Amino acid sequence: MVNCTHPILPADIWYTMIYMQTIVQKYRRYFREKIFVRSLVLAFLFLVASLMISFYANVYAIEHASNAVADIFLSNVRAFDVDGLFAYGGVIFWIIIIFFGLIEPRRFPFALKSIALFVLIRSIFISLTHIGPFPVQIISEDPSYIIRKAVLGADLFFSGHTGLPFLMALVFWKTFPIRVFCIVSAIFFGAVALLGHFHYSIDVLAAFFITYTIFHLASIFFKKDHILFDRGVSEEWH
């Protein structure tokens, strides 16, 4: 039996070094592929463009926001101070997702393009109807309140905090731990958005159905990237 341990280094450090070398080899392999590099560059450009469109759509929605409307949940449940969960929770979620993404570079193009498509479609939705935010919210002195107000204006429909984690669940569906983590996160952020009165009930509920459609559109529009995500470099991908 071959001894895979190092004569000096502790076993956990040695195995970590081997694992890191494996990841580096994956990066070298994929970044030698011109098709992969081209797809990755296009994914970043698409994401940047969609974020710019989302910014102006948000500004437009804020400028044209009208009155608030009644909501079966918000009208019957008091507002809670959940700014910290909403703001910092989102940061923690994306740190974890980025970590899982960095382990497998082949995941980059499809994941980024799916997110970009989500942001683009959501920008269209928030530009259509200009309902004002629900009037009863908690004003907190925590810095997270400022962060939340900076990123969430009148861009209510549909909830990005709910939809994006669910999108990641669909994207990473075959990786069970990430799938469960993302589904739980989507439900968690949906509940937080309602408890803080940040979104109307329809914003949260509709996010799951619209996101499901967006994922399937991404699978059609970016078919080769989806194949790369699932199987790595193959003849079918080329």
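Each Cβ is built from the backbone N, Cα and C atoms, and glycine gets one as well.
The following features are taken from TrEMBL:
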DOMAIN    154-218  domain 'Sphingomyelin synthase-like'
TRANSMEM  35-57  transmembrane segment
TRANSMEM  85-103  transmembrane segment
TRANSMEM  115-136  transmembrane segment
TRANSMEM  156-173  transmembrane segment
TRANSMEM  180-198  transmembrane segment
TRANSMEM  204-222  transmembrane segment
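The transmembrane segment (85-103) shares the most Cβ pairs under 8 Å with 180-198, out of the stretches 115-136, 156-173, 180-198. If you take every residue in the domain 'Sphingomyelin synthase-like' (154-218) and average the pLDDT, you get 93. For the transmembrane segment (204-222), same-chain residues at least 6 beyond its ends with a Cβ under 8 Å from one of its own Cβ atoms are 109-110, 113-114, 117-118, 121, 125, 157-160, 162-164, 166-167, 170-171, 186, 190, 193-194.
Sorting each residue of the domain 'Sphingomyelin synthase-like' (154-218) by its DSSP state yields 50 helix, 0 strand, 15 coil.
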